[in-house]
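According to Swiss-Prot, the active site, proton donor annotation covers Glu201. Under the heading Zn(2+) binding site, Swiss-Prot lists His12, His14, His198, Asp279. Look at Swiss-Prot and you will find His14, Asp16, Gly171, Asp280 tagged as substrate binding site, backed by sequence analysis. According to Swiss-Prot, the feature site 'Important for catalytic activity' maps to His222, an assignment based on sequence analysis.
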Amino acid sequence: MIDNKIPLVDLHRHLDGNVRVQTIWELGHQHGIALPADSLETLAPFVQIQGKETSLVAFLKKLDWMVAVLADLDAVQRVARENVADAALSGLDYAELRFSPYYMAMNHKLPIEGVVEAVIDGVNQGLKAHPQVKINLIGIMSRSFGVDACTAELNGLLAHRDKLVAIDLAGDELGFPGSLFNDHFKRVRDSGLNITVHAGEAAGAESMWQAIQELGATRIGHGVKAVQDPKLMEYLAKHRIGIESCPTSNLQTSTVKSLAEHPLRTFVDAGVLVCLNTDDPGVSNIDIKHEYRLAHNEMGFSAAELAKLQANGVEMAFISDSDRKALYAAKA
């Protein structure tokens, strides 16, 4: 399912949604944190999707366990380091790992900027051990915690802007619309960082218009509701706004009721720039190759179409043209 001449990338991949079950177990015991199970085997269903669960509430509960064990900055560093290893072991040539320092910090009141530094340090350690994979970082503002929390989060992220390639807005799209964050994204644009926004997942197409036209997003996370607005679909295709599509996650969170309803095919047929991603691979219990198999076996995509999706990911990456060429050269 994977074309070995094209770099394999994962652009929408939450670092804080990819914590190993073993790591949750070990950090929980190390720091005296009460876990919901008394063995590694019985812990897995509390932190990973088993079978065909499709509940947003269940998904988010599993996600929360991944940050509940981040009791100190060493734990944060370990998780970041292991994320690089997991990316390399899954066969990725390039990944953009995104993380919310506030979400990672809040359970144990860690310093936000300290979390950012620990993630950067952990990723650098991981890259020394796994030089075959290239990694960039995207900082997230978690809107679910409110405007002030996002200000603190952005301050911590922009203090290390030279170690990031973009800023994202994630969380409660309905309760905290993007319009609340216009000032935040003016700062992001002034910093020169790229912008990607979770939109059109819980809210409708208007959320995507707002993310693009007001916040300055050049990529959209999920974007499943775009298909409800033909003018938006035309705009996405014309302006090469990239859609970071995450089919398994969308199914597991009930964003779509079935893969037959997933808009990936509609995006492709409309000429929209779209690629496949894992979202929270630790929770979903998947890797990037799983998404390509799914697209082929259950969504009817041909090998040629999968190769185009794979190449789209390279085109959409927040990297320079010379870095893009280097990724391709390494596959020759």
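Each residue, glycine too, has its Cβ placed from N, Cα and C.
Positions of Swiss-Prot features highlighted on the structure.
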residue : record                                  : DSSP (3 states)
His12   : Zn(2+) binding site                     : strand
Gly171  : substrate binding site                  : coil
His198  : Zn(2+) binding site                     : strand
His222  : site 'Important for catalytic activity' : strand
Asp279  : Zn(2+) binding site                     : strand
### Task
Taking the Cβ of His12 (Zn(2+) binding site) as the centre, count every other Cβ atom within 10 Å, in any protein chain shown.
29
#### Entry: Spatial separation of His222 (site 'Important for catalytic activity') from the residue listed as 'active site, proton donor' - C-alpha basis, Å
6
#### Entry: CB contacts for Asp280 (substrate binding site) [other CB atoms within 10 A, all chains]
28
### Query
Cα within 10 Å of His222 (site 'Important for catalytic activity'): which of the binding-site residues His14, Asp16, Gly171, His198, Asp280 qualify?
His198
### Query
Cβ within 8 Å of the Zn(2+) site's Cβ centroid: which residues qualify beyond His12, His14, His198, Asp279?
Arg13, Gly17, Arg98, Ala170, Gly221, His222, Glu244, Cys246, Ser249, Asn277, Asp280
### Summary
Same-chain, non-site residues whose Cβ lies within 8 A of the His14, Asp16, Gly171, Asp280 Cβ center for substrate are Leu15, Gly17, Leu63, Arg98, Phe99, Ser100, Tyr103, Ile140, Ala170, Asp279
### Task
For His198 (Zn(2+) binding site), list the number of other Cβ atoms lying within 10 Å of its Cβ atom.
27
### Query
Of the binding-site residues His12, His14, His198, which one sits closest to Asp280 (substrate binding site) when you measure Cα to Cα?
His14
#### Entry: Distance, Gly171 (substrate binding site) to His14 (Zn(2+) binding site) (CA atoms, angstrom)
12
